[in-house]
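S.K.: One structure, pasted below without further comment.
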């Protein structure tokens, strides 16, 4: 089969030869009557070129329609690959890993949230002998129990993380800081001092007024 680019190159030469043959035949018919066979020959040759031109045009139109139909029926491997990627369903493991990464966006270097931290109560090695120590221990146990319940309510599906500090606890030597639970003692209120106010001479504005003072 003749390729399409070759058919496109044959169109213009065939059309040019057809027009030239028709013009030459008509010119010979008008000039002299004794050369009529030659004029008919050029007219016939122009008709042949015209037929060849129309045949080339028809073949070109047929090839274009055939290529368009082939492209519509089979878009090609690239189009099929794009369609497969668009309608591809991920594997169950990939979907689960993606959901877990979306639910936990924090990095590994960052500490866990406060709701997942549970501080266990300290082991009871020895019972305090004085009432202030027992009261402080009860307050600490109550605070740790409330924090543990808040952590369990905030994240039921996550395992608790123990972030208890290791090592001995630092105890303050100041007496005010040792007994935090004790009620502070209040200082007695001192009454204001008494002032002697004299209303004997209300119209006198002198600040040097005295009872035994006499004008000179």
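Keep in mind that glycine also has a Cβ here, set from the backbone N, Cα and C atoms.
Residues or ranges marked as signal peptide in Swiss-Prot: 1-25. Look at Swiss-Prot and you will find 26-34 tagged as topological domain 'Extracellular', backed by sequence analysis. For 35-55, the entry in Swiss-Prot reads transmembrane segment. Swiss-Prot lists 56-216 with the feature topological domain 'Cytoplasmic'. Among the features that Swiss-Prot reports, region 'Disordered' is placed at 104-163. As annotated by Swiss-Prot, phosphoserine applies to 146, 155.
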S.K.: By a Cβ-Cβ criterion of under 8 Å, what residues six or more beyond either terminus of the signal peptide (1-25) are in contact with it?
M.R.: 39-43, 45-46, 49-50, 52-53, 56-57, 59-60, 63-64
S.K.: Give residue numbers and ranges for long-range contacts of the topological domain 'Extracellular' (26-34): same chain, 6 or more residues beyond its ends, CB-CB under 8 A.
M.R.: 42-43
S.K.: What are the DSSP helix/strand/coil residue counts across the topological domain 'Extracellular' (26-34)?
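M.R.: Helix, strand, coil within the topological domain 'Extracellular' (26-34): 6 helix, 0 strand, 3 coil.
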